[in-house]
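A.B. asks: Shown below is the structure under consideration.
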Amino acid sequence: MSTKIAQFSYEKFIKDGVYSTEQHQQQNGSSSDQLNNKNKLNIRTVDSELSKQKDRKRFLFGNFKSDDSNKNNMSDNNCRDRLGQWSSGSDSEAPCLVSGNDRLRTGRLNKGLAFTLEERQALGIHGFLPAVTRTQEEQVQHCIQLLARYENDLDKYIYLMGLLDRNERLFYRTVSSDIVNMMPLIYTPVVGLACQKYSLIYQQPKGMFITINDKGHVYDLLKNWPENDVRAICVTDGERILGLGDLGANGMGIPVGKLALYTALAGIKPHQCLPVTLDVGTNTQSILDDPLYIGLKHKRVTGQVYDDFVDEFMKAAVRRFGQNCLIQFEDFGNSNAFRFLDKYRNNYCTFNDDIQGTASVALSGVFASLRITKTSLSENKIVFQGAGEAALGIAGLIVMAMMAEGMTQEEARKRIWMVDSKGLIVKDRPKGGISGHKHDFAHEHEPIDSLADVVKQLKPTVLIGAAAIAKAFTPEILKTMADNNERPVIFALSNPTSKAECTAEEAYTHTDGKAVFASGSPFPPFTYKGKTFHPGQGNNSYIFPGIALGVICAAVKKIPEDVFLISAKRLAELVTEADLEQGSLYPPLETIQLCSLKIAAKVMDYAYETGIASYFPEPQNKEEFIQSQMYNTNYKSAIQNVYAWPKL
Ligand SMILES: NC(=O)C1=CN([C@@H]2O[C@H](COP(=O)(O)OP(=O)(O)OC[C@H]3O[C@@H](n4cnc5c(N)ncnc54)[C@H](OP(=O)(O)O)[C@@H]3O)[C@@H](O)[C@H]2O)C=CC1
Ligand SMILES: CC(=O)C(=O)O
Ligand SMILES: [Mg+2]
């Protein structure tokens, strides 16, 4: 998919090379307050009072307090840890241990051409940079212009990851400046391609690779990590990367991408996020044969040794970063994902994004669709293509939601039908293959092999695809959905785009414009018979950043299933009539940061109401509190502490 990046006029950008100190101060005032409001992430709001505003824009990340005022919660640790390494989390403390030259080479501290003349002189880097100084906004425009020069998406990804290495704040400000065009590059679909090519494009390490050979020493490895204040880990073992299968250590692109969204979409500070890949090998022969492969070159280690390794990682993470450290499981293989969720959910601050995050975003889309189909949830009949992590997670949460509407569990389950690789899941299926949670949805019915026949016979109102079978929603199936329903609800959730059950164009065309459609990876607007549809992105990225933010802000120690239900409801409430009118079941992607804030506030309310919060005193205004904790992409002054007595 080719992504358009807006062009920028370079005119105002080109200046003479000679600057007076006065000019520098005007442009790059050393107080962060002097940096103009454009330096804050841009949000289009959807809540009622703000929607009255003409352009529905506001600055979510405004009203920052200085980091010092945040010390009691998401504070930065002292700059020196036990190992004597500097913690780059706090700009205000790092300078006492970091030379000016190191600041230029350290992405977290680097400001590039935005170092003022004063800073360059004070830091002893005067002469290391060309004469020009630029504001951060000018740098963003430069980045966007450079990015637009790359012709393929993988090169754009490589450029952006390089930017993240070189200048972290600039990366986040650039991404936040154009979420709609940047998200597909750092997340699905391009991150899928990046994972497939991860060994080829590997240049700078990101996150931690912990291999099965480190078993017995996992805590020692985590001690090496230079940040003490890690609040969130996203961990994968690379076995089910999107719908692309077992990519082994190449799967690292996923936790890196997910945590980039923690910061870009929810303002969780980058130094508080740790991407982890547990490398236990891979069963994909082409990867094992790749001479460039960066991971362990053997088949996956399984069984008790693997389980003990994961267990050791969980315990080591808590020992190193505390009981409140959130651990997000991502893209584990099916059998491990469910087992680990059951094993750890009551003793750790953890969730499985593919099961629970996906459930929440899909249920939210279904909730929103009810306003179009004018039905209650319980009136719907839902067929799933796939009965794995995503599908079973969604089905389970839909049952919870139907029970909240007054149905019994048995009645609710009867509204849901599933198709897996062996056909319709029915009781005593001759082909077998019914294990785990699939039993909950195995009903009395004759076996049916094909999805087309299932749709014909069962006449679902909602069809959800999450089996990574590209084009599974054939024109015939889409047409049948349209014949049976005035407004058929059709979700093609599989990622990346190449695995989608159908495209937006196919969904609208083959249903004669009747489809209420959403997809896991983004599709551009599509015009059919004069009406332009803007399909929403049914992706867990609408959910996990907000839940993580709420969990971290309330210092929750474990995450009950209700959290995913209330988040689904909250997200659905943010969908306006105008969004529905243009065919979107989700708020516009431009407002996704605001969605994270609203979900986080809801999660915090729930945490205090149910007694699972451990941050006290309870903040009275949750949204204000959350905003005060969020990452600020503004550069900080690099000289405020240069002359300060080093803190030891
Ligand atoms: N939009 C989003 O936010 C998310 C999307 N996803 C996407 O969903 C897809 C599936 O992920 P996940 O559920 O975790 O994967 P799993 O491996 O857990 O499940 C895959 C399911 O697909 C079934 N399946 C395989 N082949 C067929 C077939 N020919 N016909 C019908 N069903 C089939 C499997 O059947 P069997 O059980 O018989 O093996 C299994 O039930 C991926 O593409 C992933 O990217 C996942 C999470 C979030
Ligand atoms: C979105 C996501 O988590 C997945 O496709 O696996
Ligand atoms: Mg995933």
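In case you wondered, yes, glycine gets a Cβ from its N, Cα and C as well.
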A.B. asks: Return the residue out of Asn213, Asn224, Asn283, Asn495 that TrEMBL annotates for the same (S)-malate site as Arg240, Asn539.
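C.D. replies: Candidate in the recorded (S)-malate site: Asn495.
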A.B. asks: Going by TrEMBL, Glu330, Asp331 bind divalent metal cation; tell me which of Asp307, Asp308, Asp311, Asp354 is listed for that site too.
C.D. replies: Asp354
A.B. asks: Filtering Lys258, Glu330, Asp331, Asp354 (recorded positions) by proximity to ligand 1: which pass a Cβ cutoff of under 6 Å to any of its atoms?
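C.D. replies: Correct list: Asp354.
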A.B. asks: Report, in whole Å, the straight Cα-to-Cα distance of Glu330 (divalent metal cation binding site) from Asn539 ((S)-malate binding site).
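C.D. replies: Taking the Cα atoms only, Asn539 ((S)-malate binding site) lies 13 Å from Glu330 (divalent metal cation binding site).
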A.B. asks: Could you measure between Asp331 (divalent metal cation binding site) and Asn495 ((S)-malate binding site) for me? Cα positions, answer in whole angstrom.
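C.D. replies: Given the Cα positions, Asp331 (divalent metal cation binding site) is 12 Å from Asn495 ((S)-malate binding site).
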A.B. asks: What Cα-Cα separation, expressed in whole Å, is found between Glu330 (divalent metal cation binding site) and Arg240 ((S)-malate binding site)?
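C.D. replies: Between the alpha carbons of Glu330 (divalent metal cation binding site) and Arg240 ((S)-malate binding site) there are 9 Å.
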A.B. asks: Roughly how many angstrom lie between the C-alpha atoms of Arg240 ((S)-malate binding site) and Asp354 (divalent metal cation binding site)?
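C.D. replies: Cα of Arg240 ((S)-malate binding site) to Cα of Asp354 (divalent metal cation binding site) measures 10 Å after rounding.
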A.B. asks: What recorded positions among Arg240, Lys258, Asp331, Asp354, Asn495, Asn539 have a C-beta sitting less than 6 Å from any atom of ligand 3?
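C.D. replies: Result: Asp331, Asp354.
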A.B. asks: With every protein chain in view, what's the tally of Cβ atoms within 10 Å of the Cβ of Asp331 (divalent metal cation binding site), excluding that atom itself?
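C.D. replies: Taking all protein chains shown, Asp331 (divalent metal cation binding site) has 26 Cβ neighbours within 10 Å.
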A.B. asks: Give the distance between the Cα atoms of Asp354 (divalent metal cation binding site) and Lys258 (active site, proton acceptor), rounded to the nearest whole Å.
C.D. replies: 12
A.B. asks: Do you know which of the recorded positions Arg240, Lys258, Asp354, Asn539 end up with C-beta under 6 Å from ligand 2?
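C.D. replies: Those recorded positions that pass the cut-off, since their Cβ is under 6 Å from ligand 2, are Asp354, Asn539.
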